[in-house]
Amino acid sequence: MTTTTHTAPTGPAATRALPDGSAQGAPRRRARRPMEAFTAVSYVGASVFGLAAVIPFWMVLAGSLTAESALSQRGYSFWPSPFSTAAYEAIFSGSRVWLAYGATLFITVIGTAMAVAATSGLAWVISRGLPRLSRGLAVFSYIPMLFSGGLVPLYILVTQVLGLRNSLFAVILPLVVAPFLVFVQVSFFRGIPGEILDSARVDGAGELRIFFQIVLPLSKPVLAVIALFYAVTFWNDWFHALLFISDSNIYPLQLVLHNMISNLSMAQDLAGAGAAPLYQIRLAMTVATIGPILLAYPFAQRYFVKGLTLGATKG
Amino acid sequence: MTGATGGDPMTATTGRPTATTGRPTATGQTEPATPAAANRRGVPARRRRGVQWRRKDYGLVILAAPAIVFFLVFAYGPMAGLVVAFQDFNIKDGVFGSPWAGLSNFEFFFTSGQMARILRNTLVLNALFLAATLGAGVLLALMLNEIRGTLLRRGLQSAVFIPYFVSPIVISIFLQAFLAGVGGRGGIVNDALNVFSLPSVSWYTEPGPWPWILTIVKVWQLGGYFSVIFLAAITSIPEEVYEAGVIDGASRAQMAWRITLPLLKPTGAVLLLLGVGRIFYGDFGLIYAIVGDNGILFATTDVIDTYVFRALRTYGDFGTTAAIGLFQSVVGFVLVMIALGVQRRYSKESSIL
């Protein structure tokens, strides 16, 4: 994904970066001729892919509203009939889901805040183009993309050295800086006109003041972009939770869902006492997990595209 | 952007950039004290006007510090932690107290008989994933680029991008509905097979088709993501090129094939390069979420990462798993370097770093 961002470390050729990845262009260069076969194929192909991308979401939603009796026969459902909200009633009346939402929200909010702060600071220093410091830091941040210590040392580090087992910070900390997003932000920062900074400097502003009072307010678009990327990463993480969290009271949503795949008793557990619609609960839990992301998606999507564009087409 | 777990023996050197910080001007190259590598921009390494640190420049250090600490601890720390690969590690004695074991951890893995299968799976699956997702991304970008209605185009672009945002766990549940039904009965694919009076397949006990199933899942997940990147590259192609094409009487298909596609090469090359660097890592999240501990499928789906995870969880064997991790990182690194070299050679303008 980081396409050409790495040119970021190189240079003072800074100024050409567009302020906010504005490359999502309108359709253009249309020759006015009758539709060709290729164009027709494209309409069909893109539509098929588009449908395929969305259908599973619909199925899970429909399934979660289909009565267990019908669901357990076919295993899926395209239309919620007979309609039933039993699963949602079951999961939301227990405390498990709320605890899981709490854990996930904590991870996402705190994690994103920490990540955005750390990433912006580093990206700003890299983007300053200071001869030794900036380039050194760029390489320093780039190496982890190429070479990693892997699972075992991380596990030992978090559990033995830092003693973070069963702490939500064990999920947050390993994900706090994503090198890719550092470079996305660097390429944005380079587009900030130097004159503004110079004038502030002439007025005697220090580096911190420049950063907080001038750079950050100018950078709202890119801050939104990287905050969203981080938020999704934190929301979706289950691997670190699986590794480091065994206390089921602080299981994040993804981990609850994961455990439901491997054993249905987890679903029973969610529902509390009584005969529960287990398969339906599994789907309802899936909807509960992806719901917030899907709700935010229409608003957030253009920022993601911007972020990718910023990371991909520069340089 | 998952991987924040990197590392390398550079820990000792990394303190340096911070120490030499306070360059006040964006141009001056100074500090003869550290003749470090940073001097590629052609500024002679001569002191300009003495090294004065202005107090406010320390601000830069403060800004970068959290991320630097992060990298030191969570990226470079684990790299140093790879010494475990040469130890007979046990929790009680820790990294510093455990006895050395030479290369026996490596021996264990390489002679375990599992290695051939795991390496093969890792390479085959990743090669399939990489080729299929990049191919799908390019194709989808070309197709989306043909669509004229802004609304339709926007809508489709949003739709194909959605799968990127769901977690592997959710994908795994989607897949169950298709292959086995939520309760292990039915499933859409089998129902479809039955319509054509073909027998149902018990997918989760049949290792053969899984490389393809996983590839399809991967394309579903990442095809739209890559298409967004390629579309961005397409939009930056200058208009005139296409006008020239129109004048020469090229069809849309010819323009896509002969103009757009070649111009996407640099973007594709970079994505490919990054993919090659990750080729030894499998896709732990996705594969483990889908296959889990279903041993029947290991024959075709067990990759280095899933193997390491299981070995760690079931045997608590730190030494061997770290050895595998080290092997993985080193081979991955070498592959990137080779790919980088090859790419430098063939396309100057789009090389990394």
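Glycine is treated like the rest: Cβ placed from N, Cα and C.
Note that TrEMBL annotation is computational and uncurated.
Just so it is clear, the model here is predicted, and its values are computed rather than measured.
The compositional bias 'Low complexity' annotation in TrEMBL covers A:1-19.
The domain 'ABC transmembrane type-1' feature in TrEMBL is assigned to A:101-289.
Positions annotated as region 'Disordered' by TrEMBL: A:1-31.
The transmembrane segment feature in TrEMBL is assigned to A:37-61 (among others).
Remote same-chain partners of the transmembrane segment (A:98-125), defined as residues 6 or more beyond its termini with a Cβ less than 8 Å from a stretch Cβ, comprise 92, 133-134, 137, 141, 168, 171-172, 175-178, 181-183, 185-186, 189, 211, 215-216, 219, 223, 226-227, 230-231, 234-235, 237, 249-256, 288. For A:98-125 (among others), the entry in TrEMBL reads transmembrane segment.
What TrEMBL records for A:137-156 (among others) is transmembrane segment.
The transmembrane segment feature in TrEMBL is assigned to A:168-189 (among others).
Residues 19-21, 108, 111-112, 115-116, 119-121, 124, 175, 178, 181, 184-185, 188-189, 192, 196-197, 200-201, 293, 300, 303-304, 306-307, 310 of the same chain lie 6 or more positions beyond the ends of the transmembrane segment (A:210-232) yet place their CB under 8 Å from a CB of it. Taken from TrEMBL, the feature transmembrane segment covers A:210-232 (among others).
Taken from TrEMBL, the feature transmembrane segment covers A:278-300 (among others).
Beyond the transmembrane segment (A:37-61), the same-chain residues lying 6 or more positions past its ends with a Cβ under 8 Å from any Cβ of the stretch are 76-78, 283, 286-287, 290, 294.
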